[in-house]
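Under the heading transmembrane segment, TrEMBL lists 85-111, 123-143, 155-176, 249-270, 282-304, 324-346. TrEMBL lists 85-359 with the feature domain 'G-protein coupled receptors family 3 profile'. Residues or ranges marked as region 'Disordered' by TrEMBL: 366-401. According to TrEMBL, the compositional bias 'Basic and acidic residues' annotation covers 375-387.
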Amino acid sequence: LEELQWPDGEQEVPISVCSLPCKTGERKKKVKGMPCCWICELCDGYQYQYDETSCRLCAYNMRPNSNRTACQHIPIIKLEWHSPWAIIPVFLAMIGIIATIFVMATFVRYNDTPIVRASGRELSYVLLTGIFLCYIITFLMIAKPDVAVCAFRRIFLGLGMCISYAALLTKTNRIYRIFEQGKQTVTAPRFISPTSQIAITSSLISVQLLGVLVWFAVDPPNTIVDYDEQKTINPMLARGVLKCDITDLQIICSLGYSILLMVTCTIYAIKTRDVPEDFNEAKPIGFTMYTTCIVWLAFIPIFFGTAQSAEKLYIQTTTLTVSMNLSASVALGMLYMPKVYIIIFHPELNVQKRKRSFKAVVTAATMSSRLSQKPSERPNGEAKTELCENPAADPMSEYTP
């Protein structure tokens with residue numbers, strides 16, 4: 001036996017079987033016509049070795065272990081506070097909250113000064129509350145999902161924007177009605193008092209709250225673990241994503257009413273763009289709404305364009321929170337920071353203007369509009385003259401009926 005020569009110079013006696021035993025995680029696949037022979041096949045994907053001849057698929061929330069002899073639970077993840085995807089929106093939100101509190105404190109401290117009164121104190125506090133809630137939603141979107149967090153997300157996701165744009169829409173509608181009616185009559189339009197403005201704003205906000213209540217009744221808040229979002233080809237990289245049971249469509253529907261208010265407010269801002277800047281906040285509100293529209297036009301393609309991405313949770317959460325932070329910052333910066341600057345650094349400008357009648361205010365505004373036209377466009381060949389006085393306040397905040 002020792003003198004036998006085996007092929008390829010082998011010294012050992014060849015194994016007298018057709019096929020070698022399969023390794024762990026491999027199944028035997030019989031060779032047709034050769035009952036004693038087989039081919040070893042690896043249990044691939046999310047399969048594990050069930051017995052010598054078969055592989056089975058793991059449950060949807062499980063994956064095979066390293067040697068594919070059994071299944072194990074897929075790790076569950078969520079958006080962490082220390083993640084780069086969370087750090088940026090949280091930083092923006094914290095800066096925004098500090099700035100909002102500073103503005104509100106300034107307004108409260110100088111509540112009876114002309115600039116604060118002229119800005120419409122009641123609606124200003126409502127608007128600042130909405131801006132504050134826009135920043136707060138960042139922390140709810142990043143917090144670990146549970147039933148309470150999911151419920152608060154539903155409530156505040158669209159509420160901050162709704163409050164902000166309801167207040168801005170009420171402001172622009174008021175300005176529009178004042179100067180449109182002023183072209184026809186010297187009688188002040190109805191529902192322009194602070195109480196009326198709060199009532200109108202509250203009515204607009206109640207629509208959003210009613211929608212949220214219906215949402216709660218139809219589909220109570222809950223958490224889910226999404227195993228499909230990050231189910232990669234390599235099962236070792238698979239993760240389950242813990243999140244609230246809110247679909248992309250539901251998020252857009254929750255924001256839809258606020259976006260409708262935003263668009264309507266932008267339309268009124270365009271209609272009042274020719275109103276003299278010295279008489280009201282039409283132009284700052286207009287710039288605020290134009291910028292906000294640009295922010296949300298950029299948000300939509302990013303939000304839906306990443307729906308199939310493995311990083312969907314992170315990208316969409318960051319995009320949504322940053323968009324809301326930017327919207328709030330634009331309103332805060334354009335509408336209130338200039339007022340706070342004057343109140344603190346130029347108190348000499350924060351003085352009482354002479355009260356004027358509604359007729360005088362509208363007449364002066366109409367004259368200013370005409371004087372801004374080209375000479376050829378002025379009716380009856382009017383010559384350009386200068387107004388004697390331009391009040392810095394909103395016209396209806398200082399008029400005497």
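Glycine is treated like the rest: Cβ placed from N, Cα and C.
Curation plays no part in TrEMBL annotations; they are all automatic predictions.
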Roughly where does the domain 'G-protein coupled receptors family 3 profile' (85-359) sit in mean pLDDT, to the nearest integer? 88
Taking a Cβ cut-off under 8 Å, which residues six or more beyond the ends of the transmembrane segment (282-304) line up next to it in the same chain? 168, 171-172, 175, 248, 259, 262-263, 265-266, 269-270, 272-273, 275, 315-316, 319-320, 323, 326-327, 330-331, 334-335, 338
Residues from the same chain, set at least six apart from the ends of the transmembrane segment (249-270), whose C-beta lies under 8 A from its own: 154, 157-158, 161-162, 165-166, 168-169, 172-173, 175-176, 204, 207-208, 211-212, 215, 282, 285-286, 288-290, 292-293, 296, 320
Lying 6 or more residues past either end of the transmembrane segment (85-111) yet within Cβ distance under 8 Å of it, the residues of that chain are 79, 121, 124-125, 128, 131-132, 134-136, 138-139, 141-142, 314-315, 317-318, 321-322, 325-326, 328-329, 332, 336-337, 340, 343-344, 350
